[in-house]
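Below is one structure; the comments refer to it alone.
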Amino acid sequence: FTDLVLETWDLQCERNGREHRTAEMGCEQLVVRRGQPFTITLHFSGRAYQEGVDKLAFNVETGPCPIETSGTRCHFAMTDFPEESCWSAVLQQQDGDSLSISLCSPTDSRVGRYSLTLETSTDYQGCSYHIGNFILLFNAWHPEDSVYLQEEDERCEYVLSQEGLIFQGSRNYITSIPWNFGQFENGILSICLDLLDTNPKFLRDQDRDCSRRNNPVYIGRVVSAMVNCNDEDHGVLAGRWDNCYEDGMSPLAWIGSVDILKRWKNFGCQPVKYGQCWVFAAVACTVMRCLGIPSRVVTNYHSAHDTNGNLIIDRYLSETGEEKRRSKDSIWNFHCWVESWMARPDLGSSYNGWQVLDPTPQEKSEGVFCCGPAPVRAIKEGDLQLKYDIPFVFAEVNADVVYWVVKPDGTERKSTHSSVVGKNISTKSVGQDSREDITHTYKYPEGSDMEREVFTKAELERRSLTEVDEGLHLKIKVSEGANNGCDFDVFAVINNNTDTGRVCRLMLCARTASYNGAVGPQCGLKDLLNVTLEPRAEERVPLRILYESYGENLTQDNIIKVVALLTEYETGDIIMAMRDVYVQNPEIKIRILGEPMQNRKVVAEVSLVNPLSAPLSGCMFMVEGSGLTDGQQIKELEEPVEPQAQAMARLDFVPRQAGLHKLMVDFESDKLMGVKSYRNVIIAPQPN
């Protein structure tokens, strides 16, 4: 017999991409999911393949030093039946000189870039052909894969969806911003794989690192560490929280991960400036979804940063609500992290499911700035000894806050305050633009027997913060219309639920604040020395907050922190109430002109009214959307926008994909920053 000579081959990128749900990554390369067969076609010249005479075998290799013992190299012959535990090749069809062959990887394969080689042999002679490269991803659709997720609508949301919402604002006024995850955008998969190849564990021991890439727990820790740059490891993002972003981009200006990841790659893996918690979390979510691991961004309101692990956060305030003593512990208005879905064979099946990964650099874990994966189930049950970093996340949702009022003479008085952390833990609902509250997955209802059991199990005792005098109650309410550029009222509402009158001092103070808990200058103060409270009565005390007082010092987080201190003269007891008021930005209006259709130019008109009493300079709109725009479009306005005047721009783009997409818009200027909106756009398919 003459040699069997391979003439051409086809990796069938388009067909395999459709079947493996990777078609949106493009047809230029083969991208498949592990444990699922994919088809290739071989065409021989001279003569056809003959069963029993010719032998076909394949080599797959990943990593720089592939060896069989580490699972980074596999040699396998074509057989009649697939094998689930190892790579297999099965002849599907022979049509003259062409063969259709089904290849399949085991469900615990290493993910990453692979090379594929064909070996043909007849008797003692043989040839070897490199027939191409492909990329292997995790497979949330395969029951044996460690990232398997049962419900199809959840797989679509947490693996395939390229856009989403991230929740911000305050616990009392929850807002959302749109985010373009863009994990299937051109070039992003390659960047995500480069990120794995840049991590210090790979650089120290390439073979060991590649051999562990079958494990989503390992991948999660690597991604958590590499999204921040605090270990000087060529991480993606530099964090900054001081409102000084002149040498980079304000964290509030980003509306997607694609631009960030491309900047990181294009500038030689230098950290992109700047990120804050939601940006770190969103970029990590993009990388995890891109690699095939179901992931979502989660927001925790009143999030504790407990540096010493005692689950108690002590805060020291003056009588006007000013912080008197800096503590390493802090309470953030909100904090975002990622949850990724995976099995935990290292801990036992009861800890399978959602795991917390937090790429925001806060504390070191095993010597590196990363956090997780921490099973949400272990956080709820108080199993603090398990891997990874459960005590830190447990504190973020469970720590107690104790406020001490420091008097002018230096004496301290503990105030009664019912605020505990870990409120309204939120993520985007599956398949719709609404908020899902997942607090119950992290903690039992406060005050329940199960909650006390968890604290006993964690060998911790929750400090009781019952009111000293249950007869007096204090809370803060906000008038309608706390809009940027406007004056508005906040109210201290005092209830005397006793049968005797009380005389108190009320201090009501407002300060601009950042989302990480830092407070700025005062923007409103009222000190009433003699507030008489009638028996069984309610008293409402207003505080007018003027734009001329807060406008110059309002941070990009748009938060004003209001503190009320009620001191009862007879007992000396102090009751405190605190509220974060979210100052609302104006709405961006988005109009789509004409009927949007695939591969045809679409025009979007975006506009916003300047609500401030001063003109806006340096105005620009930034627009992007997966499947709609080719990257980010920026439209700068030439003229300042006068008070109450309209900023308007028109942008055109050619949608590449039909179906439902989100067009995301961000507005920036010198005085009004980080204003965001989105519009759902249905793109009609191109007619045949």
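Each residue, glycine too, has its Cβ placed from N, Cα and C.
Counting only same-chain residues at least 6 apart in sequence, those with a Cβ under 8 Å from the Cβ of CYS277 (active site) are TRP332, PHE334, HIS335, CYS336, TRP337, THR360. Per TrEMBL, active site is recorded for CYS277 (among others).
Sequence annotations record features per position, and here TrEMBL assigns active site to HIS335 (among others). Of all the Cβ atoms in the protein chains shown, 27 others lie within 10 Å of the Cβ of HIS335 (active site).
Around ASP358 (active site), a 10 Å sphere centred on its CB holds 30 further CB atoms from the protein chains shown. The active site feature in TrEMBL is assigned to ASP358 (among others).
Its Cβ taken as reference, GLU451 (Ca(2+) binding site) is surrounded by 17 other Cβ atoms within 10 Å in the chains shown. The feature Ca(2+) binding site is assigned by TrEMBL to ASN398, ASP400, GLU446, GLU451.
Summarising the annotation, TrEMBL assigns domain 'Transglutaminase-like' to 269-361.
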Greatest C-beta neighbour count within 10 angstroms, which of the binding-site residues ASP400, GLU446: ASP400
Cα-to-Cα gap, GLU451 (Ca(2+) binding site) vs ASP358 (active site), nearest whole Å: 24
Euclidean distance between Cα atoms of GLU446 (Ca(2+) binding site) and ASP358 (active site), Å: 25
Other CB atoms, at most 10 A from the CB of ASN398 (Ca(2+) binding site): 25
